[in-house]
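Here is the structure we will look at, set down as structure tokens.
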Amino acid sequence: MVLTDSAHADPKNAVPFRLRIDGHWVRVDERLLRAHPGSGAMLAYRDREASTVFHSFHAGSKRAYRWMTEHREQNGGATAETEATTEANGTAVKTKVMRTEAEENGKKKSNGTGAALLPPDKIDAINMGKFGKSAEANEKICRSFDVLRSRVRSLGLLRADDAFFVFKFIQCVALIAFAVFLQSRDFFLASALCMGIAWQQLGWMIHEYGHQQHFGSWWWNDVCGYVCGNLMQGFSLGGWKEQHNVHHAAPNVDGRDGDLDLLPLWATIGTQLKRIDGASPLAHLLPFQHLYWSFALPLLRFSWLLQSVQFVCQMRHSFYDIHRQRALVEQCSLALHWSLVLVQLYFLPDNLARLQYFLVSNLFAGFLIAHVVTYNHYSTDKFAYDDPILENFACLQLYTTRNMRPGPFIDWLWGGLNYQIEHHLFPTMPRHNLKKVMPLVKEFCAENDIPYMVRAYGMA
């Protein structure tokens, strides 16, 4: 899962640009982009309206609001109305150039083979949605969501319960300890399965600390993220945030959300078929992706482990300050994780047992993680790079996200991501409050004629 937008591949190509926040254009130059703790997430909204996504991502962050004010004031505090015409024209030209380059690259890669997989007039429409709200309805929804955000804040639903996070961490440590105990009693299969569950549950914790859900301090959230992620899980916190924050900013948007880019083994949208060489064996494999998709889910953890190692090895040369500054911490904590894994495997009786334990624990953890994270978005509509839905944060999240019906066991197994709609609308909201905000979100959807999608296991 990698970033696919050319501007994400080389951030220098994207600056300078602007974000429109609360009626003002905020200029983002190379210095500000390098210093952004969220790295490339803001690139998904360059030269666009970004008020709601800014407030949703930075709820409670005094630092973010100070930066936003400083960079707005440095440009004379100009309002969107005074610069909209010039900026809109500039954006139109820039967007046209970027899309033309992307189209040319697509032509070169496809060699006209898209038609061999499916008629060209049908390819572009596969899995793609269209946002049809009127300007008046769009404005009403945006105002209504602003009211909902204020209500959520006033109810204290963005504040975390320390006891909840301590309890969840103790659960994870207990699962690892129990896995080691079972191994010491020669119950190797049970131990491997228990370790897989522990890694899955730790995955939800790195997700929460990556979203700054526990502490008001980003520093403490990151420290806990390194412990739960790099040290205990083997996942790079920085690498996770680099990819996942962009996903949250523009879920299911072609060219912006890297989670859609699963080629060459899977095509999530029709336009990706144009990039497949018809002579390649993979072109003949894709029509059967619905058959082998589920069998590949356990491999997700291996993929993320490899991506984490690759990411931390490159951190010292990153464009972003935060990655260069944290490189040593990430590298040492990840190295310590693999040292502990090797120590545990050493105490197994032979190499065959070690290989079996390693595969079972990681494949089981991969399945437990993947069957959750692949459900919420891949079953919903995707949108084009420049679709108008990008101007409406609430609709973008609701049209591209699906919940799993809640229950005590599902809430635990899914780590709160069965409330994926609520999580995407309020990414900094602690897991234990997602259920509380659900009735308010359903009310908001009903009042504004927006779909609220939810299914149970038997219907998924």
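Quick reminder: no glycine exception, Cβ is built from N, Cα and C everywhere.
The annotation transmembrane segment is assigned in TrEMBL to 163-182 (among others).
Summarising the annotation, TrEMBL assigns transmembrane segment to 187-206 (among others).
Taken from TrEMBL, the feature domain 'Fatty acid desaturase' covers 191-454.
According to TrEMBL, the transmembrane segment annotation covers 290-306 (among others). Counting same-chain residues at least six beyond the ends of the transmembrane segment (290-306), those with a Cβ under 8 angstroms from any Cβ of the stretch are 1, 199, 234-235, 265-266, 362-367, 369-371, 373-374.
Beyond the transmembrane segment (327-349), the same-chain residues lying 6 or more positions past its ends with a Cβ under 8 Å from any Cβ of the stretch are 180, 183-184, 188, 226-227, 230-234, 236-238, 308-309, 312-313, 315-316, 318, 357-358. TrEMBL lists 327-349 (among others) with the feature transmembrane segment.
Taken from TrEMBL, the feature transmembrane segment covers 355-375 (among others).
For the domain 'Fatty acid desaturase' (191-454), the mean pLDDT of the prediction comes to 93.
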